[in-house]
Amino acid sequence: MLVLITPNQQLLRHMVGSGSDGTEDSDSSAEREQTNSSESDGNTAKRQRLTRASTRLSQSSQASDTPDLKRAADHDESPPLTPTGNAPSSESELDISSPNASHDESLAKDQANRDSDKDLPHRPKRRRCHETYNFNMKCPTPGCNSLGHLTGKHERHFAVSGCPLYHNLSADECKVKAVSREKQEEEVKEENNSRHATRHQTPTSKQSRYKEQVSEMRKGRNSGLQKEQKEKHMEHRQTHSNTREPLLENITSEYDLELFRKAQARASEDLEKLRIQGQITEGSNMIKTILFGRYELDTWYHSPYPEEYARLGRLYVCEFCLKYMKSQTILRRHMAKCVWKHPPGDEVYRKGGISVFEVDGKKNKIYCQNLCLLAKLFLDHKTLYYDVEPFLFYVMTEADNTGCHLVGYFSKEKNSFLNYNVSCILTMPQYMRQGFGKMLIDFSYLLSKVEEKVGSPERPLSDLGLISYRSYWKEVLLRYMCTFQGKEISIKEISQETAVNPVDIVSTLQSLQMLKYWKGKHLVLKRQDLIDEWKAKEIKRGHSNKTIDPSSLKWTPPKGT
């Protein structure tokens, strides 16, 4: 018969074999009277005694409470082992000759320890990582006591991004808004889970009513401020200056204002997670602003600049060579002797004042690294900073009499196995909402057409990048639909003509509700209302110079790079 031995039984057997030669069981008095027994019988009786003792010890250990065992271990009640692994021989050892007595003794010691703990002053429990605060820190907003958080999920804050007072709110209002946002998110999740991803593309009645409500709420958003409201806004600005957020009420609709508040809360929560993880610390090691050319830009995210530069809070960057400096004096001296007036590399496109330069990460390593560090200040998902050699950078500039000013850029792998035509894309904040982002996207697909490939951007896309790409794909598909005269359309043909990946085409058709599933087939609907709306925008836009002219491209695909 096999016997299952617990770790306590193993330790007990080890102790008996090494340091307890004369021990006996209290229940074996009858066996002690057999003095004339043989040596083998004595060994058998000893093994029986050991089995009964170990069984009682295991039962007592299972019946005892776990915290009591831990407290006994903390008070060193169990004998320490020698370097050989055996327990030292002493009178204070555990007496295995009476397991019940030893168990009662250990319970008595545990009770005594508990009684002694009651006399000690109460020691507070250790807080979790996300609940630890540095009480020496204080919110920089004047008059703020650092209590509450914009997200409504934390008890304290130490930065302006999480300050309710700076955002003209109270801590209680933030908590109420947080509860409301959570309820809305749960409702949206339940509704999305109840619908199929591909077959049910038509909006539900609830979504249609919600869309009508949003349209109704947005009707009066461009009515402007009344005289009393303007005076109130000006008084608030004169009183608090830059220490408070401007009043946002009555500037836009309540729906758009709530969307903006949600975005603020989400950004504040992301910054709080970075602070907890130690990637940024309160009030230090995060660049707040950069001086770039004639612009002073507020940063959005953390960038891994060297610590001696990051802790300054403000960085001075040369807009031509992208070298970063600590003070305006150093920048002024650098600009006096900097010979760069445009990015390094080959100019592959020029039309009017817009140019695109192809920069090899292997040949111009320092410039490309500085460009990546600069881009990380405005991109959330960017992870590549220093390994720039496998990439080509296409830098778009706008020229004037002082030089070629950086507008934006996108990077591209020299050899992409997944046919990504963009690895990272950025439009500088001072050039956003002017059509330059769409120009960069269009230029990347123009290169894919010249290479006779189908391209797609590398995931994940940033929030602004996703919006720009969806807008571009929508425009490309509507332009194709406008000129298409056939009865049967093929997604493969659209992909070959536009160089857009079929997956991106399908997702765009689904978002436009132009892809339907009917009788086992997918049908593409030609929605004339969307086409007419796009035509009206094109007429209103007129002949804009924010378009890429394929005839102005002077470029051949690189070989063997």
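Using N, Cα and C of the backbone, Cβ positions are placed for all residues, glycine too.
Here is what TrEMBL says about this protein:
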ACT_SITE  E458  active site, proton donor/acceptor
COMPBIAS  1-11  compositional bias 'Polar residues'
COMPBIAS  35-65  compositional bias 'Polar residues'
COMPBIAS  67-78  compositional bias 'Basic and acidic residues'
COMPBIAS  83-101  compositional bias 'Polar residues'
COMPBIAS  102-122  compositional bias 'Basic and acidic residues'
COMPBIAS  185-194  compositional bias 'Basic and acidic residues'
COMPBIAS  209-219  compositional bias 'Basic and acidic residues'
COMPBIAS  227-244  compositional bias 'Basic and acidic residues'
DOMAIN    282-557  domain 'MYST-type HAT'
REGION    1-129  region 'Disordered'
REGION    185-244  region 'Disordered'
Cβ under 8 Å to the compositional bias 'Basic and acidic residues' (227-244), counting only same-chain residues 6 or more beyond its ends: which ones?
141-142, 165-166, 168, 250
Are there residues at least six beyond either end of the compositional bias 'Basic and acidic residues' (185-194) with Cβ under 8 Å to its Cβ atoms? List them, or say none.
204, 206
Cβ-Cβ under 8 Å from E458 (active site, proton donor/acceptor), same chain, 6 or more residues apart: which ones?
L418, Y420, V422, S423, C424
